Amino acid sequence: MSSFLQSHFNSSAIPTIRSTRTFRRNPDLSPTKFQQDQQQDQQQQQQQAYYQQELHSASSIPGQRQVSSHKEIRQYAEQTLGSGSALAQAVKLPKGEDVNEWLAVHVVNFYNQLNMLYGTVTEFCSPSTCPRMIATQEYEYLWQDPMNRRKPPVSMSAPGYVEALMTWIQGFLDDDSVFPTKMGVPFPRQFPALVRTIMKRLFRVYAHMYCHHFDEINELGLQTHLNTSLKHFVLFCREFQLLSPKDYGPMDELVSRMLDDDGKSK
């Protein structure tokens, strides 16, 4: 295992949920081998279809409303949720595929999706509008310095947390000993545990967007993109047991609705 992985990842790290918020766009993001391989796969093309449409440009919208009602979030999702059968099939491991390779492909995929989606609301997400990384008022996500595990987790603004999170993940994506780009190069032994940690933290991006940029997403016409992206994410996490119910926090009702909808469509 690389020194980068050893110094940046500890599966028994101090909990960073205080009682929650999340995320920032990387403008230098470029396609990786994982994305290219994914696009060549017929099954993945079905999975990717929903975000092939051009994302609308963000326009200035005055004001911001904090959303802390689970009922509001659930009703919002129900307006755009459709059958999850295609996505549920798309997340399944193809016959003969290496599970770590499949996990790696999807980490890159979700990282890129969230960069695009969060990028549409960055002008509304600033240290002044989002001074803490919270979802609803009952949950705050704290940042644990990956270079100093002895330091206690700290409260950060949402943009600051997102910037730190994306830089942390990008470091792994750029490390060939963690995310190999050559065939035959093995993944590190702790790779599945690392993926679980990455996915848990990426989920906080969705929680922040739903709970604090509800109106902006709706006004921009991106609700279908966001809903389908989240549904894809939670179906994948369920398929590979990457998150536990407690990781969903204030989004638990919405996630349950999405997973129940998938069950009914089978």
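Yeah, the Cβs are placed from backbone N, Cα and C, and that goes for glycine too.
TrEMBL labels come from automatic prediction, so no person has curated them.
Taken verbatim from TrEMBL:
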- 16-46: region 'Disordered' (REGION)
- 35-46: compositional bias 'Low complexity' (COMPBIAS)
- CYS125, CYS130, HIS208, HIS213: Zn(2+) binding site (BINDING)
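Annotated features, which come from TrEMBL, shown on the structure.
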residue: CYS125; record: Zn(2+) binding site; DSSP class: coil
residue: CYS130; record: Zn(2+) binding site; DSSP class: coil
residue: HIS208; record: Zn(2+) binding site; DSSP class: helix
residue: HIS213; record: Zn(2+) binding site; DSSP class: coil
Across the binding-site residues (HIS208, HIS213), the Cβ with the fewest other Cβ atoms inside 10 Å is that of HIS208
